[in-house]
Amino acid sequence: MSKMLYKLGGWVARNRIKVICAWIVVLVASIDLAITLKPSFSEDMSIPDTPSEKAMDVIQKEFPHGPDKGSIRVIFGAEDGEKLTAESAKKAIENTFKEINKDDSVDSIASPFVTGTIAKDSTVAYADIKYKYSADDIKDYSIKHLKDSLKLADDEGLQTELSGDIPGAEMEIGGVSEIVGIILAFVVLAIIFGSLLIAGLPILTALIGLGVSIGLVLIGTQVFNIASVSLSLAGMIGLAVGIDYALFIFTKHRQFLGEGIQKNESIARATGTAGSAVVFAGLTVIVALCGLTVVNIPFMSAMGLTAGLSVLMAVLASITLVPAVLSIAGKRMVPKSNKKKEKQSADTNVWGRFVTKNPIMLSVCSILILLVISIPSMHLELGLPDAGMKAKDNPDRRAYDLLADGFGEGFNGQLTIVADAASVTENKAEAFADAVKEIKELDHVASVTPAMLNKEGNFAIITVVPATGPNDAATKDLVKDVRSLSDKNGVDLLVTGSTAVNIDISDRLNDAIPVFAVLIVGFAFVLLTIVFRSLLVPLVAVAGFILTMTATLGICVFVLQDGNLIDFFKIPEKGPILAFLPILSIGILFGLAMDYQVFLVSRMREEYVKTKNPVQAIQAGLKHSGPVVTAAGLIMIFVFAGFIFAGEASIKANGLALSFGVLFDAFIVRMTLIPSVMKLMGNAAWYLPKWLDKIITNVDIEGHQLTKEIQPEIDHEQKKQISM
């Protein structure tokens with residue numbers, strides 16, 4: 001592969017304008033097509049064959065209704081000390097309804113004064129507005145007219161909020177915090193390259209590759225069920241790896257230029273060597289992300305595949321667009337000669353010497369630090385974010401809080417129970433009534449509606465309002481208690497609703513995590529055994545990754561679930577850990593961890609093969625690859641951290657997990673723990689049984705054999721030029 005990439009890099013360097021124009025055309029075309037088609041995200045996070053999903057299937061079958069129509073809920077709140085039943089407030093609400101009804105697309109309005117959807121203290125009420133069209137077909141004009149109509153109530157001092165099928169909500173792809181992350185990454189690159197111009201180029205190429213992947217994901221929403229969080233996740237990962245991969249090739253190119261190699265030849269070699277490592281690293285991340293499909297959870301598969309697509313675009317940009325940009329940069333990429341700096345670099349390797357002199361202390365400290373940080377993960381609770389976890393000034397959060405104030409915390413987490421009395425031979429209505437009575441007697445129940453029967457009278461829907469919020473442990477216990485009543489008196493009870501769905505998703509993901517983790521760890525061990533031709537090095541690397549994951553989950557529980565430092569990280573509310581965060585973090589951090597492992601230890605392996613000196617090998621790896629891994633890790637941390645301070649709860653959680661995950665893995669595990677343990681193992685670190693050595697193929701990830709392969713061709717070309 002190295003030789004093929006070498007030829008590709010040389011061709012791109014000679015055809016730089018064509019390559020850059022091709023990328024620009026693809027970028028513009030993908031974004032233009034995505035905008036023309038308009039993205040159609042699916043926020044459905046259901047999982048087939050779960051109890052809550054089965055309940056929904058029964059409802060659709062036994063309680064058929066016409067085509068789905070859009071519905072928007074308007075919530076009214078009275079001023080302090082006032083009531084909505086006061087004549088002035090009532091008149092303002094009725095006038096608001098009259099104005100809303102002027103929109104021809106409105107089918108009906110369920111007034112709270114007719115339906116009774118008004119709180120006991122008359123301070124909060126809501127009305128459901130039904131439209132003649134589906135939610136997707138509600139026009140922007142209708143939404144604007146609705147919001148303008150609410151001003152009539154606002155002017156009378158009432159609080160008005162909206163919830164339900166509200167189209168046209170702006171999709172957040174980036175923000176100020178993400179830009180800050182990019183700026184910090186730019187600072188790191190500027191320090192590395194000593195040039196503001198050169199520092200901006202890796203970011204530029206990463207953004208172009210990211211733009212193409214975002215366009216493709218948006219187009220893909222027309223065909224596949226993709227959630228908006230998948231786009232944010234793809235953007236987060238694509239940007240981070242795009243900058244890192246470009247950095248590896250930029251650094252290698254400058255190294256070759258510093259050795260006096262001609263520009264185009266240097267670009268070709270950088271693409272053949274560092275480019276090979278980038279392709280390997282990218283494929284490792286892609287395999288890990290695509291591996292999420294093995295858990296057979298649709299929305300997780302979509303997340304993994306869209307993120308994998310962004311990594312693929314980052315790899316393609318690195319081996320095609322980056323060489324083209326390097327060719328245009330020309331002599332500006334040549335590093336400035338600094339004999340004093342070169343002498344210091346040659347004579348000192350502070351961190352490498354420190355690690356090899358203090359392996360026991362650093363090993364013990366690294367393990368203890370990660371284990372202590374891991375402790376909170378022992379009381380991990382999974383769930384899905386609801387509107388109550390959004391910022392207090394968010395419209396969804398305001399609507400959530402207003403309903404909770406008027407109707408209780410459990411109103412936002414109502415349980416829909418499907419009662420099946422098909423096996424009851426006599427008096428099914430009495431069996432349903434008994435089921436309602438038994439549910440009322442359960443703990444944490446605020447109210448229960450009478451059973452609503454279908455036409456045949458063998459199925460009924462019962463709505464339960466819990467006394468506690470959707471993500472409260474008591475509400476989860478209530479779901480389990482209701483399910484435990486199933487089949488009592490011949491009535492089978494199926495529970496659905498947000499809390500029930502959360503429980504089912506969490507249970508399914510909990511079951512999937514061990515399977516996925518074993519696959520990932522097994523894959524890592526086999527892969528690293530082939531790459532490093534060792535048994536102990538892969539074993540230590542895998543153990544380090546396990547510590548990375550437990551520490552990452554520990555910090556997430558400490559902050560997100562326990563509520564520590566949430567003000568510092570600008571997280572609105574504490575709550576359960578995002579249900580799919582652990583398995584998603586395993587996939588992403590595994591790929592990144594293998595990147596750092598390969599870049600560091602492959603250099604150690606190369607040195608050990610030459611010298612058979614394990615200490616010298618460790619120091620060489622930390623000296624030559626350590627700075628690049630450090631820079632790459634910092635860039636990852638800054639980019640991921642930018643997402644902590646912006647976006648929805650799910651994006652914040654992912655940003656926190658990935659930024660700390662990279663911090664733990666790159667700096668504690670790869671740069672400290674692994675070399676320390678390798679020092680303690682000595683020559684045994686590189687032991688491989690002879691029988692295994694014979695059957696394992698040689699893998700040259702960083703293209704170390706490239707020079708030997710291409711040198712005859714270079715000599716031949718030089719002779720031809722001399723003879724001419």
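Including glycine, each Cβ sits where the backbone N, Cα and C put it.
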If you check TrEMBL, which stretch out of 5-27, 580-602 is marked transmembrane segment?
580-602
Of the ranges 206-227, 668-689, which one does TrEMBL list as transmembrane segment?
206-227
With contact taken as 3 or more Cβ pairs under 8 angstroms (pairs 6 or more apart in sequence), are the transmembrane segment (580-602) and the transmembrane segment (233-251) in contact?
yes
With CB pairs under 8 Å as the measure, which of the listed stretches 233-251, 307-330, 628-647 comes out on top against the transmembrane segment (206-227)?
307-330
Recorded stretches the transmembrane segment (272-295) and the transmembrane segment (628-647) touching, at least 3 CB pairs under 8 Å:
no
Helix, strand and coil counts within the domain 'SSD' (203-328) (DSSP):
113 helix, 0 strand, 13 coil
Taking 3+ C-beta pairs under 8 angstroms (sequence gap of 6 or more) as contact, is the transmembrane segment (179-199) in contact with the transmembrane segment (628-647)?
yes
Sort out the residues at least 6 away from either end of the transmembrane segment (512-532), same chain, that have Cβ-Cβ distances under 8 Å to it, and list them.
284, 287-288, 291-292, 294-297, 538-539, 541-542, 545-546, 549, 582-583, 586-587, 590, 594, 597-598, 601-602, 605, 686, 688, 696-697, 699, 701
Overall pLDDT for the domain 'SSD' (203-328), taken as the rounded mean:
92
